[in-house]
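What Swiss-Prot lists as disulfide bond is Cys5-Cys23, Cys11-Cys34, Cys20-Cys39, Cys24-Cys41, and the listing cites similarity to another entry.
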Amino acid sequence: DRDSCVDKSKCSKYGYYGQCDKCCKKAGDRAGNCVYFKCKCNQ
């Protein structure tokens, strides 16, 4: 689910990050971005 994407992610500070995107899409969201080293999923 979405929270596990955030927990697992250690990404660059901002912008597109493939693993966030993939994880978020699996959780049913449209896309994922990186914000302050955490994945944020956009519904």
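Including glycine, each Cβ sits where the backbone N, Cα and C put it.
DSSP assigns Cys20 (disulfide bond) to a helix. There are 21 other Cβ atoms within 10 Å of the Cβ belonging to Cys34 (disulfide bond). Listed disulfide-bonded residues: Cys20, Cys23, Cys39. The one with the lowest count of other Cβ atoms within 10 Å of its Cβ is Cys23. When Cβ neighbours within 10 Å are tallied across all protein chains shown, the highest count among the disulfide-bonded residues Cys24, Cys41 belongs to Cys24. A helical conformation is recorded for Cys5 (disulfide bond) in the three-state DSSP classification.
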